[in-house]
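Copied over from TrEMBL, here are the features:
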type: SIGNAL; residues: 1-26; note: signal peptide
type: DISULFID; residues: C36-C51; note: disulfide bond
type: DOMAIN; residues: 65-216; note: domain 'Cupin type-1'
type: BINDING; residues: N111, H116, E121; note: oxalate binding site
type: BINDING; residues: H114, H116, E121, H162; note: Mn(2+) binding site
Amino acid sequence: MVSSSGSRVLFICFVITTMTCFVAMATDNNPLQDFCVADENSPVLVNGLVCKDPKVVTENDFYTWGLNVAGDTLSNKVGSNVTTVNVARIPGLNTLGISLVRIDFAPWGINAPHTHPRATEILTVIKGTLRVGFVTSNTENRHITKVLNEGDVFVFPEGLIHYQQNIGHDNAVVIASLSSQNPGVITIANAVFGANPDISADILAKAFQLNKNTVQELQARF
């Protein structure tokens, strides 16, 4: 039998739990207005960007141009160029959870192994033939790879290391969509060997099973 004081405690716990459930049910992760155009001048920091007053929004907040222009693939050592269309370029993307990139490849150029910490990517080949792939998480580390031709589509799951390589003798072009207004990118080699300040060469030598001099040579390149 539960005492009267015990009953009161149980009742209070029930009330608190019920109130908590109602609070949780009141939240909504979906957009609650037609749009939330980013106000780039706001000093307020939130997870995303503050909404501009809808009354001053114009058609240009939802627009950009230039994806018909090929990116410069000759100014870097990997032979590719990524033209990004995210919330920084189209303020109207704020809160909509989507962005876009155009990737140009020189013959045998690569988009080096990298991850998008906040997005899944779906890629369509517009021109050329590419080898693409991603690696599953530890401990399997399975390498899933495929050769794509014009019109082919491939998906890279969120957060997994992936890459693309033009395996043709002509330039290649792809368009990719990502499930975030600001997906982020971590290029593995740059992050590991180009960290600022440097990650200790002793740590990297042990992690990559290399001698310290080789690690220092790699760090000097990034």
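Every residue gets a Cβ built from N, Cα and C, even glycine.
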For the recorded Mn(2+) site formed by H114, H116, E121, H162, which further same-chain residues have Cβ atoms within 8 Å of the site's Cβ center? T115, A119, F134, F156, L160, I161, P183, V185
With a radius of 8 angstroms around the mean position of the C-beta atoms of N111, H116, E121, what other residues of the same chain does the oxalate site pick up? V101, H114, T115, A119, L123, F156, H162, A176, L178, P183, V185
Euclidean distance between Cα atoms of E121 (oxalate binding site) and C36 (disulfide bond), Å: 23
Between N111 (oxalate binding site) and H162 (Mn(2+) binding site): CA-CA distance (Å): 9
Between H114 (Mn(2+) binding site) and E121 (oxalate binding site), what is the CA-CA distance rounded to a whole number of Å? 12
I'd like the number of other C-beta atoms within 10 A of the C-beta of N111 (oxalate binding site), please. 26
